[in-house]
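Visitor: Not my notes, these are from Swiss-Prot:
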BINDING   Gly104, Val105, Ile106, Gly107, Asp108, Thr128, Thr129, Lys141, Lys150, Phe168, Leu169, Arg170, Thr171  NAD(+) binding site
BINDING   Glu183, His246, His263  Zn(2+) binding site
Amino acid sequence: MPNTLTVDLGHRSYPIVFAADVRNNVRDQVAELTTAGRKVAVFTDEQVASAQVGALEAMFGSSPRLAFAPGESAKSLASFGRAMDFLAAQKVDRRGVVFAFGGGVIGDLAGFIAASWLRGIDFYQVPTTLLAMVDSSVGGKTGINIPAGKNLVGAFHQPRGVFIGTDFLRTLPAREFAAGMAEVIKYGLLGDAALLELLERAPLSFVSPELAGVIRQCCALKAAFVQADERELAPEGGRALLNLGHTFGHAIEQVTGYGVYLHGEAVAIGMCAAARLSAKLGHLGGADVARVDAVVAAHRLPVKLRTPLVLMDLLAAMARDKKVRAGMPRFVVLRKLGEAVTQDDVPAELAAECFREVGAS
């Protein structure tokens with residue numbers, strides 16, 4: 001039997017359904033929508049479509065679907081335009097509904113498609129990666145990348161529901177699973193000491209008995225941040241704390257063209273850089289930084305860049321980050337392991353030192 005967690009946003013509240021196998025739950029939702037005369041359109045990627053042929057048929061039947069090439073490159077204006085043409089050809093009207101079936105890239109892209117088509121139609125998330133399950137499928141952030149930066153074009157558009165089925169992780173490559181663990185580690189560093197200690201005792205894997213509970217726990221933490229500060233407008237802290245490691249990580253992704261590091265891998269390096277920044281600001285000690293490095297490495301994630309990147313390129317990319325305020329990058333720093341704050345008056349030379357310490361040249 002599935003269990004449910006509600007993201008409480010008043011009249012825009014929605015359920016997150018958890019089960020090992022959510023195919024019947026999704027199928028029932030699709031049947032309810034189509035019986036009511038609402039057209040369903042499905043967006044996925046070619047890799048998921050190949051690995052989950054049976055699930056696609058079981059959940060969506062004959063509903064039209066469009067598959068994009070896998071990877072971050074799909075979050076593009078070209079993909080967005082292709083999706084618009086697809087929805088037009090399928091004659092999807094304002095009562096139409098989009099389903100995102102895939103990882104974080106598909107969720108971000110399909111959500112933005114739904115936010116934009118006819119000025120906004122309903123959509124549902126059916127995440128198939130650990131990263132999407134614990135983070136990107138919840139909270140309504142949607143968007144695409146442009147050459148100037150990651151997620152610079154997008155919208156806040158909450159889903160009508162999220163279906164999290166851990167059985168989808170059976171076909172997830174080990175590298176993708178590890179990338180998702182970066183976001184799990186993030187929650188432990190932000191404020192869940194028990195979660196951090198669990199991860200330090202033994203790395204989580206697909207067969208870990210704690211996995212389903214950890215996924216639900218991460219979603220509950222994410223929901224709490226979203227409920228308190230949905231549009232990331234709090235002057236300090238708030239939802240922006242979820243960007244721990246992302247200011248450094250997004251710069252790494254942009255400089256490498258989104259094809260070298262998975263998002264979670266870049267965030268992992270970014271969290272290690274953020275720990276070093278926190279130490280330079282007088283918050284963490286060397287033992288704390290070593291703990292961050294150790295839990296990241298234990299989950300088969302990079303602590304440092306695999307090959308050096310040009311420091312000035314990274315700093316330039318950071319300056320274009322969407323979180324910049326008054327020309328200054330905004331960082332999430334750790335006062336201690338389990339407590340974070342936002343800070344936007346970080347001297348550029350400190351950020352540069354942190355990049356060097358994780359492998360920039």
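Just so you know, glycine gets a Cβ as well, placed from its N, Cα and C.
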Visitor: Based on the record's binding annotation for NAD(+) (Gly104, Val105, Ile106, Gly107, Asp108, Thr128, Thr129, Lys141, Lys150, Phe168, Leu169, Arg170, Thr171), what whole-number value in Å is the widest Cα to Cα distance?
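Guide: Largest Cα to Cα distance for the NAD(+)-binding set is 29 Å.
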Visitor: Looking only at C-alpha atoms, tell me how far Thr129 (NAD(+) binding site) is from His246 (Zn(2+) binding site), rounded to the nearest Å.
Guide: 19
Visitor: Using the recorded Zn(2+) site (Glu183, His246, His263) as reference, state which further residues of the same chain have their Cβ within 8 Å of the centre of those residues' Cβ atoms, listed in sequence order.
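Guide: In sequence order, the nearby non-listed residues are Leu131, Asp135, Ser136, Ala182, Lys186, Gly245, Gly249, Gly264, Ala266, Val267, Gly270.
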Visitor: Within a 10 Å radius around the Cβ, which one of these binding-site residues has the most neighbouring Cβ atoms: Thr129, Thr171?
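Guide: Result of the Cβ crowding comparison: Thr129.
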Visitor: Quick check for you: of the binding-site residues Asp108, Lys150, Thr171, which have their Cα within 10 Å of the Cα of His263 (Zn(2+) binding site)?
Guide: none
Visitor: Near His246 (Zn(2+) binding site), how many other Cβ atoms are within 10 Å of its Cβ?
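Guide: Result for His246 (Zn(2+) binding site): 26 other Cβ atoms within 10 Å.
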Visitor: Secondary structure at Thr129 (NAD(+) binding site) (DSSP, helix/strand/coil)?
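Guide: For Thr129 (NAD(+) binding site) - judged by DSSP and reduced to three states - the answer is coil.
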Visitor: Take the Cβ of Glu183 (Zn(2+) binding site) and count every other Cβ within 10 Å, whichever protein chain it belongs to.
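Guide: The answer is 26 other Cβ atoms.
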Visitor: For Lys150 (NAD(+) binding site), list the number of other Cβ atoms lying within 10 Å of its Cβ atom.
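Guide: Its Cβ shell of radius 10 Å holds 24 other Cβ atoms.
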Visitor: Find, among the binding-site residues listed as Ile106, Leu169, the one whose Cβ has the highest number of other Cβ atoms within 10 Å in the structure shown.
Guide: Ile106
Visitor: What does DSSP say about His246 (Zn(2+) binding site): helix, strand or coil?
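Guide: Looking at the DSSP assignment, His246 (Zn(2+) binding site) belongs to a helix.
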